[in-house]
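Since the structure comes first, as structure tokens, the remarks are kept for the end.
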Amino acid sequence: MDRCKLYVITGETYHPNRGLLEVMESAILGGADLVQLRDKDAPARELLEKARALRELTRRYGVPLIVNDHPEVALAADADGVHLGQEDAPIAAARELLGPDRLIGISTHSIEQARAAERAGADYIGVGPVFPTATKPGRTAVTTSFVAEAAAEIRIPFFAIGGIHPGNAAEVLAAGAKRLCAVSAVVGNPDPGAVCREMRSLIERSERAASPEDAAVRERAKEVTVNGVLRTTEAGTLLELAAEFGLADKNAVAEHNGEVARKAYWPFLPLKDGDRIEFVHFVGGG
Ligand SMILES: Cc1ncc(COP(=O)(O)OP(=O)(O)O)c(N)n1
Ligand SMILES: Cc1ncsc1CCOP(=O)(O)O
Ligand SMILES: [Mg+2]
């Protein structure tokens, strides 16, 4: 979760002529590193089907998947977690259902709600809507002043959300956000990947301007290509990288710079900048 910087939420009404998976794959290839399934209209069965399809896609790219509003769907689809609003199920109830390892995110609209979410054990919070947005019509914008308050005080990761696009992302980052979240700007664009690339490069530019401590962490990080997608990782070995993708204890094989890497060697295979890795994960022992 800590490494996630660009959270993209589904919004199928914004792309009536393109499929959900095609749009979200483009976003992932552009650098979306956390995905949420949000569908306020789908009946339960359809929502679960979409969650399972997105689970398969996101797993292929090592991207965590969150389901909006429905902890039971998150569990049934083996998603990484659930996102809850202030009027949704309380954190404790979701935690009981999902256990300690899955993620629980909460929407917050004030610093008091952000403090309460942190105390209640949320893994991350949404801070917004920062700007007015057609995706949540009628909601008062919290402005970048709440972003600044959260940056000064909240220790769990927070994602600024609401009306954010490449044209105003720098302002949100300057207010103290390290992570951004978007629906319409990404999925409503004919090229979701290009929008994600722009947003990622704004995030990276803002990180470069940040503290020397962060610079040291970045120095340890390396850029590798995993299943065709450029990723930044601090993993030192192939096994540590596989763990980031949830594959360390799965039936999987890897190719490392074109050579088959047997799983027994993963702990001893050091990763370096520019490495190319392909993971193949077998489901159901096949
Ligand atoms: C990351 C993130 N932040 C906020 C929300 C909004 O959740 P909620 O307030 O429950 O509203 P709905 O999305 O359910 O309409 C979110 N989904 N994700
Ligand atoms: C779900 C949600 N919660 C707060 S703002 C928002 C909508 C974000 O969508 P967009 O990026 O299109 O403004
Ligand atoms: Mg909700």
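Even glycines carry a Cβ here, placed using N, Cα and C.
TrEMBL entries are annotated by machine, without manual review.
Note that the structure is a prediction, hence the values are computed from the model and not measured.
Residues or ranges marked as 4-amino-2-methyl-5-(diphosphooxymethyl)pyrimidine binding site by TrEMBL: Gln36, Leu37, Arg38, Asp39, Lys40, Asn68, Ser107, Lys136. When secondary structure is read from DSSP and collapsed to three states, Ser107 (4-amino-2-methyl-5-(diphosphooxymethyl)pyrimidine binding site) falls in the strand class.
The annotation Mg(2+) binding site is assigned in TrEMBL to Asp69, Asp88. Summarising the environment of Asp69 (Mg(2+) binding site), the number of other Cβ atoms within 10 Å of its Cβ, over all protein chains shown, is 18. According to its DSSP assignment, Asp69 (Mg(2+) binding site) is coil.
Per TrEMBL, the feature domain 'Thiamine phosphate synthase/TenI' maps to 6-186.
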Identify, among the binding-site residues Arg38, Lys40, Lys136, the residue whose Cβ has the fewest other Cβ atoms within 10 Å in this structure. Lys40
Could you measure between Asp39 (4-amino-2-methyl-5-(diphosphooxymethyl)pyrimidine binding site) and Asp69 (Mg(2+) binding site) for me? Cα positions, answer in whole angstrom. 9
May I ask which residues of the same chain, at least 6 positions away in sequence, place their Cβ under 8 angstroms from the Cβ of Asp88 (Mg(2+) binding site)? Asp69
